[in-house]
Amino acid sequence: MNGGAERAMRSLPSLGGLALLCCAAAAAASTASAGNVTGGGGAEGQVVPSPSPGLRDQASSPFPKTAAPTAQAPRTGPPRTTVRKTGATTPSAGSPEIIPPLRTSAQPAATPFPALDLSPATPSEDGHTPTTESPPSRPAPTTLASTVGQPPTTSVVTTAQASSTPGTPTAESPDRSSNSSGVPPTAPVTEAPTSPPPEHMCNCSEVGSLDVKRCNQTTGQCDCHVGYQGLHCDTCKEGFYLNHTVGLCLPCHCSPHGAVSILCNSSGNCQCKVGVTGSMCDKCQDGHYGFGKTGCLPCQCNNRSDSCDVHTGACLNCQENSKGEHCEECKEGFYPSPDAAKQCHRCPCSAVTSTGNCTIESGELEPTCDQCKDGYTGQNCNKCENGYYNSDSICTQCECHGHVDPIKTPKICKPESGECINCLHNTTGFWCEKCLEGYVRDLQRNCIKQEVIVPTPEGSTILVSNASLTTSVPTPVINSTFAPTTLQTIFAVSSSENSTSALADVSWTQFNIIILTVIIIVVVLLMGFVGAVYMYREYQNRKLNAPFWTIELKEDNISFSSYHDSIPNADVSGLLEDDANEVAPNGQLTLTTPIHNYKA
């Protein structure tokens, strides 16, 4: 019996008190065996008696009470009582001591003893005994009231001892001191063994886990690296993919703006929105621009280009003769059609007559050339302007030498030929290059009237224009001898002036004719000379062309042939010394003498 029990026993005044105490302990043990035995968490069983309300109202016991044990699930089978103790030895520390069960004979109690405070406790893992209240379904233990009228001064606490090894039941033998007192010990009760908690095999991935040997012993969950998931950290998280080259889970890095989700395939390619491309969906496809929160926008090129700048959206490589940021304009030299299609057509403007560009106004069907060159006019710059005429489809300026008034005659010259119209300043001719009859050019190239000095009968002179001289005849004066002389002089001057004017008019034409005649004569003479030389050479060739003969020796004759066709019947009699040889009709000579008699 431990020290606490011994002190309690010594406090009893007599052996009768000891007997009454034994009876009370036996009654308490009998009550505990009736249904107050509980198992503690698979580690040890404990007796949980619940004190009656009467005992709770009594004065406190000199022994320190332990806290109520933690509620445990009831065991199946016959109830057993196990008495255990904790590692503590002093009551002041709150650790219970071993009190072996006492078996006594059933004796009716004359007077009730003070109620025993039976507070079994289950030790916790740290060595202290936690307390718990008994379940309400369990009956309260039997208490014995004292026969004496004095309040009790002591109480007996039944405790349980925690085994040295959790979960291993041990049988305690009764204390020898109890045997010396004559109380038989209670048979030891052993607790049924309980199964230990299951231990999980971690089996963590060497690549995906932080530690292959460390995991949660309850769930088996391993500690994973970033990007790995699963019980064993053997799969990739969302937003990661397994790179088969390195065998690791790598992040997808899908763009939140261009990708449909954060997921990617086994190659690391994200699923892109419409108009977005790239393995991470972070750039625009051809034909799209403006990568942003909504993805990419299609290029606005009026169906004239398939590509544009990925940042600004400016169209590139505009087709169909168009230009502009969105291919909405026509190139230089083209104009948009008046219909809804707005197709670009070439301007009907020649680059020779205009700048080549044109415009079309709203509501018009034909374009107008922007700017015509000098000398051209019209909607398409295909007409000659006033003061110009058409010379081989080119507008050439009229050459009237300033003798046509452009105000009175805007055209100045005829558009089809260039002949000047309404020559002024006493001029005439195709280009107004001649002076009228009776006019001559002065030093400034102006046509002025020609004047001559005419003597009068009084001995004075007067200035008379050439025109008046040719049209008027002076009246004979008193001096008849002077009159013929005067008339002769006047007419002589007039005739000389007229001849000079006529010579000036005809000289250029005659000069041209003379030059042409000389050229023709020279050409004819050269042709005659060449023909004469050719005839002479032919004659010499015919004269010197002698016949050439070839002689072929055969067995009994000599054959010859001429290489000149102009002598078909040449005389070959001189080829042989013997004149008696006859010439065969076929050109063969018959030999009448031995072969050594002729000469080659």
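Heads up, the Cβ atoms here are built off N, Cα and C, so glycines get one too.
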Cysteine paired with Cys384, where Swiss-Prot records a disulfide bond, from Cys381, Cys395: Cys395
Candidate in Cys222, Cys249, Cys252 joined to Cys236 through a disulfide, as Swiss-Prot lists it: Cys249
Position flagged as N-linked glycosylation site [Swiss-Prot], chosen from Asn36, Asn557: Asn36
Cα-proximity to Cys222 (disulfide bond), 10 Å cut-off, over recorded positions Cys202, Asn203, Asn216, Cys281: Cys202, Asn203, Asn216
Residue among disulfide-bonded residues Cys202, Cys222, Cys270, Cys281, Cys384 with least C-beta crowding, 10 angstrom cut-off: Cys202
The domain 'Laminin EGF-like 1' (202-251): DSSP-derived helix, strand, coil residue counts: 0 helix, 16 strand, 34 coil
DSSP helix/strand/coil residue counts for the domain 'Laminin EGF-like 3' (299-346): 0 helix, 14 strand, 34 coil
Candidates Asn303, Cys330, Cys344, Asn426, Cys435 (recorded positions) - the one closest to Cys272 (disulfide bond) by CA: Asn303
Between Cys299 (disulfide bond) and Asn203 (N-linked glycosylation site), the C-alpha gap once rounded to whole angstrom: 55
Chain-internal residues near Asn357 (N-linked glycosylation site), provided their CB is under 8 angstroms and they sit 6+ positions away: Glu332, Gly333, Cys347, Cys349, Cys369, Asp370, Gln371
